[in-house]
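Per Swiss-Prot, these features apply:
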| type | residues | note |
| --- | --- | --- |
| BINDING | C10, C13, C25, C29 | Zn(2+) binding site |
Amino acid sequence: MAPLRPTRPCPECGKPSTREAYPFCSPRCKNIDLNRWLSGSYVIAGKPLGEEDENDS
């Protein structure tokens, strides 16, 4: 049986990803990534909270 999608490297360690932890290779790498999001290491750029557009008035 052919795999549903091509194997990609784990974004944390570079090992081949597994179906159970996709796109990661293991629950450990999955948890490392989650911790980085929760601790603020990863952020999505945007306007600071409370800043209003000048065109909204």
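Quick reminder: no glycine exception, Cβ is built from N, Cα and C everywhere.
According to DSSP, C29 (Zn(2+) binding site) is assigned to a helical segment. In sequence order, C10, P11, E12, C13, A21 are the residues of the chain that are 6 or more apart from C29 (Zn(2+) binding site) and have a CB within less than 8 Å of its CB. Close to C25 (Zn(2+) binding site) in the fold, though at least 6 residues off in sequence, lie C10, E12, C13, K15, P16, S17, T18, each with a CB less than 8 Å from its CB.
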